[in-house]
Each structure stands twice: as C-alpha cells, then as structure tokens.
C-alpha cells in the first residue's frame, strides 16, 4: 500500500513539475508577457544598416524617454532585403520595415496586405530619409586607372559585384551601369544592354550578397574594382585599411532605401504612435547627422551643407526617371527570362 | 546431443525487446516522424500542387535549372565517391592502427558536423582563393579551385566525410582478424583478402555512408555558396536557384525545383537501399 502511495505521490510531483516547466516555457515564448511596462519596437532592416540603426536607436530611445517617460527598446533584425521582406510576409511582426528596395516593401503590401499600396507617398522624399549611390572601390593607386563606368568594360579589368538575382544592392549596381550607358548612347536600350553584358563578362564571381562581395574583393584579393554602395565602400575603407581607394563615377544612380510603418502590426500591438514617431525622427537634423556620419547621404538641406566634405560630388539619376519605378525595373531586368538572364546566358 | 543443440538453435526465436511495449513506441515513432519529417515535406508538395504539370515541367526543364541540377547532383556524386574511398581509408587507419593522437584524429573527423556550414564555406574559400594558402600554390599550376565547379566538389567532400567514416568504422571494428588470418593461411594475397573477405562485409555500410554523403551534399547551401562563384550555367548550384526564385517572391518556381530535387534524392536513396538488399540476398545473409 505504502508503495502505491509513494508511487502516486511521485507521479503527482512529476506532473506538477512538468506543468510548471511548461508554464515557464510558454511565458518565455509569449511576446511582451515578461515586460509589459517597457515598450518594444521591431525594426526589420537589411544587412549594411546594422551600425547605422544602432546609433539611431540609442538617440531615439533617449528622446522618447524624455517625451513620454516610457522605456523603449528597439530590436533590430538584419539580413538580405528580400529575405527580410519574406520573413515579414510569413509573420515576423515588424513594427517598421527599413529595406533596400521599394520593391520589397511593395511585396509586403501586395502579398500580405500588411500596409496599403500607397505607402511610399506617406513620408517625405519617397519615404527615404537617406540616400546612397553606387561607387567603385579600387586598389591603392588605382593600377587599372578606373575612372568611370566606361573603364569597367575594358578587357582585363575584373569587376566584383554580387548577384542581382539574390542581392538588392546588386540591383542598384546593375541599374546604375545601365543608366550610365543609356545616358552615353542617347537612350539606346540595345547599346545599354550590350554595355551591361560586356560589364558582366568581366565579373568572375557573383556572390549572393553585398558583404560577401566586399570580402571577395578586400580579403580574397579578387578583382580590380568592387561595385559598392557608397556607405559600404567607406566602411570597407575604415575596416580593411589603406589598401584601397574610392572612385566616384561621373554619373550614378540615386539609391533610395525606403522606410514604412507596417499598419496591421502596429495596430495589433498598439505601437502606432511610437513607430510613427520613430520614422519621423529619421528626418530630424539630429538623426540626419548620425546618418551622414554613417556615410549615408542625408536629405536635410542644412545637414547636407555641413557634411559636404564626406561625399564626393556626383550627378545622380533616379530609378523613377530612367526605369519608371522598381516594379517595372524588376520585371524587365531581374525576373526570370529578363534582361539579366539573357545577358548572362550569352556567356 | 550436438545435433539437438544445433536444431534448437535453428528454431526461430522471439528476440526479447529492450524497450517494452511495441504499440506505444511505434505510435510515438510514427507521430514523431510525421511531425518532424513528413509534415514539412507534405507542405512543400502541397505548395507545389498549385502548379499544373506543364507549368512544373516548364520550370524544371529551363536550361539554367537543368545546368544547376547537373552541377548539384554531379558534384555531389563525385564528392560522395571521393568520400567513399578516402573515408574508408580514414576509418581503416582509425580502427586498425593504434597511434599517438588517435583520439584527436577521431574527434577531428566529426568537425564538419559541428561547424556551422557557412563558417566552413568561408574557411574553405579563404584557403582555396587565389591568394589563400592552398590556392596560391595551385594557381601557378593552372588549377583553379575557388569560384569554380571544382570548389563546389571540395566543399561537398568536406561536409560529407564524417558520414562515410562514421558508418564504416563500427563495422570494420567487428570484422574478425581471424578471418583475414585464415584467408592468408589459405594462400590469399593482401589484395585478395581485402576484396574477397573484408570488402563484402563492409560494403553495405560503405554504401550507406556514400548515400548519406551524397544526399547531404545535394542540398548543401551554406558551405558551397561561398566557394562556388555562382555564375549562371557554370558554377550555380540548384539550391541557389531556389533562393533566387524566392528573392522574386516566386514561391511556385522555388517549390517546383525543390520537389524535383526531393524526388531525385529520394530515388537515389531508394536505389542504394535496393542495391543493398539485392546484395544481401546474393550473399544469403
């Protein structure tokens, strides 16, 4: 008899223990359950903005605390722009998205209906609080004398760029080259295609992302020119030292990485006010200065003036002017069977 | 007496099971396998079911897809063959010869399992790049490894090695030395002993290791992507094409390629299994 009682008691104890562990586990998994009084925001962004948003978040959290008394913790998620957009579509609860291409936020609006199609009109400057452009990183002394896009198609010049099919940044590279060729050939699309095809003939490796290409160029010693975002080129200069220099071409593309509040998520989580304030903050002089210090080009005219020394002058064209927007550029150039497939198949 | 004992031994006996209760354990096994393996695969097939056969066919017979599939399966096959030969050698040395540091070598074999595949890929690329330790030696000889299909094979050999070593090792351990001595005393030379005595007994496990190495190499992304050069039609692996499709939010195209890869891999594993069964039948074991 005693044996049975002991057995039952042990079972009960085990069951109780199991219940406690289960409850603890559930509590840990429940978002926001453990810290109801302090607010969190999730900013889903793309790869090279990690350092930028670290600096911005700190500054905004301080301002928000002063204004509302609330402790704010902003979580960051970084990855390839397209992959990040897919995560949000599949249910990652991003309060705000700050991605590399409008096309990726369009996909969130279109596939998951988490925000409406007119999102890009909501904030100033196409909802892009900062811009960048595509520049060249070359080896010290510029041994191949690369000055402009035209030099990239010369035989014997090896160019490193990521794969436009997998990397948002690489699509800017490709379109920048295309825009330059159009400009030099009076808008002749066939000549532009021939130019870009010749350029990609000089590409020995297509990495899947921008950081991978930077490593291939800077650490593996491959290639004479790296096509890179201006901010990435500056970072590479800072990180890999004096073996490189930046060449700014005569004409390049205005890269406008856009930001947006994800309506359905902020309404569900009750974070609309703070999410909106966060994005508005990006346009303030304080944030614009942080942006410039992280080598993104600011929008605020006053900040532009004070930070002129950082950025070389370059004539810029927009994707809307030359390609009629992202969706059109995507379908014509990067979709399966598009121009990029055509020129790389010719190899 | 001896005849009775032999007769008794030849009677079928019910082997007592270590784990009690066939019912619950079998139920648990099926439920677990369904949840972990079958459900995700079913989801994949259901996603692909949105396409018609002709659409599916058009996607997977695209020249670029075919060339990527060719590279993925071709390189995986080469890598698995290399692993079968050298994995057997490694296992042989580890089992047969005591030497200082054997435990260490034994542990090193498992490293490809433990290492995050992307780390492996980056490390291999650093080694085999034209300015890397190995690459800088091979480059003057005209051998390019990194950023070519050869690099893909190298990465696949790396990740597949432990499969062969770990499946062959225990079996090799159980092969009786006395059998070899018997063979030798009957006049067999070393090659004959190996081919007729040792190889038949380890062949099933070698085949298993080979097919595991093959299957894992086919789907490998992390370590291959850094060393492959990813040029369309040249060094582009099939998993990269899946990622490419996803990048265009083309879930249908991605799942179409994925289901085809799944089907090919499954067929390969099935063939290897059948081969083993056929061999066992012939051996009468």
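Heads up, residue numbers simply count up from 1 along the chain you see.
Positions of Cβ are set from backbone N, Cα and C atoms, glycine also.
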Transmembrane segment range according to TrEMBL, out of B:166-187, B:254-275: B:254-275
Recorded stretch that, among B:141-165, B:197-217, B:224-242, B:254-275, has the most CB pairs under 8 Å to the transmembrane segment (B:66-95): B:141-165
Same-chain residues at least 6 beyond the ends of the transmembrane segment (B:197-217) whose Cβ lies under 8 Å from its Cβ atoms: 75-77, 79-81, 83-84, 87-88, 156, 159-161, 163-168, 170-172, 175, 179-180, 183, 188, 265, 268-269, 272, 275-276, 279-280, 283
Winner by Cβ pairs under 8 Å against the transmembrane segment (B:27-46), considering only B:107-129, B:224-242, B:254-275: B:254-275
Same-chain residue ranges lying at least 6 outside the transmembrane segment (B:224-242) that approach it to Cβ under 8 Å: 63-65, 67-69, 71-72, 75, 118, 121-122, 124-125, 128, 145-149, 151-152, 154-156, 218, 254, 257-258, 261
